[in-house]
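The next block holds one structure in the form of structure tokens; read it before the comments.
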């Protein structure tokens, strides 16, 4: 083989329906004149001195490379130039020059010419991480591997330009990807990313070490004692540790983007749970800013009050200080994550200094501090403080409720997951280590305060006692002090009375105050950053359309400036209220609800057992996660029962809203996986249980063609199968050339979405077949659940003389009926006088979802089909308005705008009739002509219809055949049967004149109808008649017509009776006549159905499979 100069394999755009890879075959022009020359190394890259590294680097990055055939002019001097092209990748091979000057590259192993990968003559792509990325992946570009069609289908022949590209193409996908990669690398140049220490560990520790550590921890020890306080800390740590393990499992099950708890929950449980928890979680973080800032402001105001330096009064001073503080914090946040991270480090240093300052102070005893209750580490104090001493109505659970909010900062690192260098590694390490460090710190503070400080102290140096006092029983007495007066109340020192006791104990008191400031400001800053990040991720997903304005980011880090402003406004509003005692429990419950759902996400994903659930973090258990979820819910009610109840109501309301809106997203949630598991399990269970008549449900194969082509047929069947049985929309696509399976796959997704959009509970199942009969057979055999009936419609114009040449094709109904009966299925035929097919006036745009409309808006095309052409699809199953790609179908006409043609009167009536079963039916009757017992299907269908809301105003009237002298007896017998079946009816009519001869003019009309379909064997020789009958078996012979004269007259007579009794009915359901297989021609049977159903309201001709579908046994 040889290549024309300058030519190379070309890539088409991704949107093209043809292959993106094009190869023009070339032939060897001469013998090899130059020796083999090995290039590159064994790593599959082509390299020379000075270029090996770059070429290898390109391959290691997995760029989507395309090998170009080389120009002779460019190779004549030095073949090593091959490696200078970044898109050229080849394995160890040889470089050969032909006699004509054309240079070829061949593989030394297989002696074949190659284009890419590792020495194979293929355009197959090697495994590459970029093929598995999502669109707009933050850590690299998504590249598109060759599709199966591009590798398997025949190669296209298309003229190439002088550069080897198809005419009209400007660049290859590889070049576009390379350009995009370069642009993205430039953009990434200034992006700030954090490691696990700076991004997760520090943030979590700062959030967990809150103001509770310095102000309330000592008081809790005084109330609950050392033992129970350690139990409280252990319980809180168990909850947060389980949640941390669950968070680690989710975070390591794939790439984590920004959004924190919202992202983890939404991608695991789906948009319903994620959307509800994301909104309240972002709101909780926003209000938490106000909580922490007010805590800081109150401490500042107390200090001002001590020195008599208040600006106005205490409440307004809190508002002023709080407002100034939150403005400062907003400035730090808006300045960027770099500044915010630096501020967090400074605050951490201050906080650590305050903690160490406290522990140093515990070993430095001072006589001046003893009257205030501090004696250093004493065994007597530790033993006395070991047990609880609850006062003022406090209990163990009230202490737990007060302490637990201190442990709710474990998601501070996960909330900025989008700003982490490696979230999958950083979140587990940082979160779990932060829980361990802070847990140990809280236990250490508990033990130290309980071992050093008395519960009560007066602060008076004169309250001393003698150690030899016989009444000396408490620790203070053994240490030489008498604080018994504190039992009457009024003491201001000790664990129970002084919230600032840690300042007393510390080596340098003001440093504890600085620690309080650091704890409050760091938590406020973390919440001020977390809330906008979570809210931005929520808005980007467009779960709540009205909030999409907050999705926009600014700067190199995509900072949510609008979210910062919104968080600032929410926080400022609550700061100005300055009364957070009521809202604080709700915030804690919001956090707990998030933790509960994270734990439940892990349990749910593990229970679904999806192959996609394979987190690299292995230290979790689904039952432990479930226990964690239950614990979180229990803690919610322990903390505050009414706040827990309110939280659950809010989450439920948001869940219902998102479920109702059904956002157009698909994240592969565990909910989806579990639904599949349950469906599969239950389907298998059904196959092992024999059907019982009491559990009968209609399972219908409806021959709709394209679902939107026959809405009346669809809506009527949906009316009696919705929430009761199964409906499958069958579509037989007849083809006389190679079927387009790709197009059928796209149609399947498109029309299934159309069914969901119109709230029709059905499955769309298309098949390719040689003809409609074979297609119907395929459908009847592939339906998973046992089909009850095949349902189809009769064309209102099938019997026109112009369609006589196609009668054999249109007589498929007759053969489909035979096949259905052979498979023990029932048959239902629907007829509307106006017709069923509205495909020629159907708007195709409603088949597309919102994102498809954007893509299709560039080049919309409308398929134009010849309804009865030999190469087209059948008129029963092909609409003229299928939106598709211009490269995917040969039957396309490009249009820039659909012409708005006025509808004819016939089309207007057809369109109105097509919607008649969609709207509520006014008062009327459903007339059931139950002439033959088919198992009860003809009676069950109208019963199911009238049970629906749209048909509840219609009453059932029953018509049966009988003898004139037994009318009353037959009516009573039928009434008794219906009573046992528990089916209500308004009237029963017994028809004793069914066998009366029909009117003469109706008989003449029937004769005129069948005239074009007669064999007319009397007018030709016997041999010619037999040959014509063999060629056109649908024709009616005189012998057949005479043999079935009585049955023909019955159909004519029944039509007369139908017009007499049921002309005003909303719907007629009638037993369908049967024809014995092989004895009645299809044309005669079709004429019977035409005669029976013409000039009537909508009519269903029903014939069950003669298996009982009704029973009166319990």
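Each Cβ is built from the backbone N, Cα and C atoms, and glycine gets one as well.
Per TrEMBL, the feature region 'Disordered' maps to 1-60 (among others).
As annotated by TrEMBL, compositional bias 'Polar residues' applies to 15-25 (among others).
Taken from TrEMBL, the feature compositional bias 'Low complexity' covers 33-52.
Here TrEMBL flags 75-109 (among others) as region 'Disordered'.
Among the features that TrEMBL reports, compositional bias 'Polar residues' is placed at 82-109 (among others).
Residues or ranges marked as domain 'Amino acid permease N-terminal' in TrEMBL: 107-158.
Feature annotation from TrEMBL assigns domain 'Amino acid permease/ SLC12A' to 199-701.
With a cut-off of 8 Å between Cβ atoms, the residues of this chain six or more beyond the transmembrane segment (200-220) that come close are 194, 229, 232, 292, 295, 344-345, 347-348, 351, 354-355, 399, 402-403, 405-410, 412-414, 416, 420, 426-427, 429-431, 433-435, 437-438, 441-442, 445-446, 449, 453, 495-496, 498-503, 512, 515-516, 519-520, 522-523, 526-527. Here TrEMBL flags 200-220 (among others) as transmembrane segment.
Residues annotated as transmembrane segment in TrEMBL: 226-256 (among others).
For 277-297 (among others), the entry in TrEMBL reads transmembrane segment.
Residues 192, 289-290, 293-294, 296-298, 300-301, 304, 310-311, 343, 521, 524-525, 528-529, 532, 555, 557, 559, 561, 564, 568, 571-572, 575-576, 578 of the same chain sit 6 or more residues outside the transmembrane segment (317-336) yet have a Cβ under 8 Å from a Cβ within it. Residues or ranges marked as transmembrane segment in TrEMBL: 317-336 (among others).
Panel annotation: around the transmembrane segment (345-366), residues 198, 202, 205-206, 209, 213-214, 374-377, 441, 444-445, 448, 452, 502, 505-508, 511-512, 514-519, 521-522, 525 of the same chain, lying at least six beyond its termini, place a Cβ under 8 Å from a Cβ of the stretch. Residues or ranges marked as transmembrane segment by TrEMBL: 345-366 (among others).
Nonlocal intrachain contacts for the transmembrane segment (396-414), taken as residues 6+ away from its ends with a CB within less than 8 angstroms of a stretch CB, comprise 196, 199-201, 203-204, 206-208, 210, 212-213, 216-217, 220, 223-224, 228-229, 232-233, 235-237, 239-240, 243-244, 247, 251, 260-261, 264, 388, 390, 420, 423, 426-427, 430-431, 434-435, 438, 442, 523, 526, 530, 584-585, 587-588, 591-592, 594-595, 635, 638-640. If you look up TrEMBL, you'll see 396-414 (among others) marked as transmembrane segment.
What TrEMBL records for 426-445 (among others) is transmembrane segment.
The transmembrane segment annotation in TrEMBL covers 508-531 (among others).
TrEMBL lists 564-584 (among others) with the feature transmembrane segment.
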Kindly state the mean pLDDT of the domain 'Amino acid permease/ SLC12A' (199-701) in the predicted structure. 84
Beyond a gap of at least 6 residues from its ends, the CB atoms lying under 8 Å from the transmembrane segment (508-531) belong to 203, 206-207, 209-211, 213-215, 260, 282-283, 285-286, 288-289, 292-293, 295-296, 299, 303, 325-326, 329-330, 332-333, 337, 340, 343-344, 347-348, 350-351, 353-355, 357-358, 361, 409, 411-412, 415-416, 500, 502, 563-564, 567-568, 571
Among 226-256, 277-297, 590-607, 619-637, which stretch has the highest count of C-beta pairs below 8 Å with the transmembrane segment (426-445)? 226-256
Long-range neighbours of the transmembrane segment (619-637), counting only residues six or more past its ends (CB under 8 A): 238-239, 242-243, 245-246, 248-249, 400, 404, 589, 592-593, 595-597, 599-600, 602-603, 606-607, 643-644, 647
